[in-house]
Amino acid sequence: MTTREFDYIICGAGSAGNVLATRLTEDPGVTVLLLEAGGPDYRFDFRTQMPAALAYPLQGRRYNWAYETDPEPHMNHRRMECGRGKGLGGSSLINGMCYIRGNALDYDNWATHKALEDWAYLDCLPYFRKAETRDVGPNDYHGGDGPVSVTTSKPGVNPLFEAMVEAGVQAGYPRTDDLNGYQQEGFGPMDRTVTPRGRRASTARGYLDQARARPNLEIVTHALADRILFSGKRATGVTFLHGSARVTAHARREVLVCSGAIASPQLLQRSGVGPGEWLRELDIPVVLDLPGVGRNLQDHLEMYIQFECKEPVSLYPALKWWNQPKIGLEWMLNGTGLGASNHFEAGGFIRTRDDDPWPNIQYHFLPVAINYNGSNAIEMHGFQAHVGSMRSPSRGRVKLKSRDPHAHPSILFNYMAEALDWREFRDAIRATREIMRQPALDRFRGRELNPGADLKSDNELDTFVRARAETAFHPSCSCKMGYDDMAVVDNEGRVHGIDGLRVVDASIMPIITTGNLNAPTIMIAEKIADRIRQHKPLERSNAQYYVANGAPARGGKPARAPAVV
């Protein structure tokens, strides 16, 4: 491959990069080079295409960067997982397929920051709708002709889902019919990025399938970006490794970094854009001393609150190898059955205290007791709630350790560094126990398996969190958007102080959103794609949305009072 020129070079074919590649090449006169360090999204590989197989990609390195954190000082010095997608689709190729946009007040809060006024919820909602085709049809909140297929859970899938939602309502929390609609707060069915044929709806399937055949788009897989090239303070191209070759490509207009919250700051730092003292430690020539690159790192931490199930209605039999061929065959031939669901079909968001302005705790309900990555399966019928806080005040960082593009960076989330973190996790455990002991779950609920009913004091719960809490795989905010001293990009993703360079992915979120990050990342890319193309922004929505305004976190007393601790 010889040196080539393109209008735009995109580094990373993930949740954001595929959106940009597809939208930019809608203009036939625009040429785009899309670089992806991983391989194709093989459609015959059940590990990435079958929703129920979501744990498999995290267990290897074909589709997973398999990063690990530095020892986390507040988590028993554990090195914790930080899985990130590798291959066309990026993390949308290996994520849990939960389609959660965040709370409207997340975006309204962004919009209170200097010059981010056009990131308010009603400005973002049209781009959420543009990206989506929802199986039950469009409305003021949902799209009907977008690239990403979204399936919402239907009644009757598993009695545990309906019982867990009803238990939340019996505990005094709201019921909501749509976690992405008028009111996120409450318990209800989950939307999922799954096609009508029961396949994972990654951005490779949804977006790139529209664009692959365009003559103005060149996709190169197994292409690891090494450095961004500069002429003074202008980005002019990228060098990347492709097989044994080092290749240079030039960008006539812009370089677009879409490598995610770990690899985007890593690439910027390796190219000489980042905290000057970090770069000098590795003898990297400083193009721009930009102190926020790699800082402000955020994530969601979660726990598994697990119970024995007294009736044989859980997914426990599906974990047995002798039942899996039948499940796989039905999925492969018909796109139906247990294989066609990620099994996160119900969940919710609550405020644990009345003075929380919007939900601070998320629930994913699952009708089996097992870790997200497929490990530590409980050998009995069981069910669980994945529970975690949404907007931790703790902040971490991504720091380059080597100029070698194959080397992983130093990652420290600094989980649970603040007193509020501990209060919210204790509140979450106690609220979950109260939900689980409501009458709706009486016929199913057996023993509490984790943390264990004997753990009651603050110290005992804190010990459990330190030892057992895990990442929800939502790294973000490490190249934050804004105009303060630690901001990396402006309101259109343009890197401060550099021409011809943008970052467009979850790393530019100023503050993490309330929920899973795939849907917000796609929205961010859709919105910035219009700015790159100099299109007029989509018309602002006038949809109504719920604001608590000091209302009690619970609308009524629980049907069954909490156990005395």
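In case you wondered, yes, glycine gets a Cβ from its N, Cα and C as well.
Marked as FAD binding site by Swiss-Prot: 7-36. Sequence annotations record features per position, and here Swiss-Prot assigns active site, proton acceptor to H474 based on sequence analysis.
Structural mapping of features recorded in Swiss-Prot.
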{"residue": "D7", "record": "FAD binding site", "DSSP class": "strand"}
{"residue": "S15", "record": "FAD binding site", "DSSP class": "coil"}
{"residue": "R23", "record": "FAD binding site", "DSSP class": "helix"}
{"residue": "T31", "record": "FAD binding site", "DSSP class": "coil"}
{"residue": "H474", "record": "active site, proton acceptor", "DSSP class": "coil"}
Task: Rounded Cα-Cα span from the residue listed as 'active site, proton acceptor' to L35 (FAD binding site), Å - done: 23
Open item on the list: Please report the distance from the Cα of D7 (FAD binding site) to the Cα of H474 (active site, proton acceptor), rounded to the nearest angstrom.
Closed with: 31
Open item on the list: Counting only residues 6+ away in sequence within the same chain, which have a CB under 8 Å from the CB of S15 (FAD binding site)?
Closed with: G89, G90, S91, S92, T203, D505, A506, N518, T521, I522, A525
Task: Densest Cβ neighbourhood among D7, D27 (binding-site residues), 10 Å radius - done: D7
Open item on the list: Please give me the CB contact count at 10 A for L35 (FAD binding site), counting all chains in the structure.
Closed with: 25
Task: Spatial separation of H474 (active site, proton acceptor) from T31 (FAD binding site) - C-alpha basis, Å - done: 32
Task: R23 (FAD binding site) versus the residue listed as 'active site, proton acceptor' - Cα distance in angstrom - done: 25
- [ ] Identify which of the binding-site residues C11, V19 has its Cβ surrounded by the largest number of other Cβ atoms within 10 Å, counting every protein chain shown.
- [x] V19
Task: Neighbour tally for H474 (active site, proton acceptor), based on other Cβ positions within 10 Å of its Cβ - done: 24
TODO: Show which residues of the chain containing R23 (FAD binding site), separated from it by at least 6 in sequence, have their CB under 8 Å from its CB.
DONE: A525, E526, A529, D530, R533
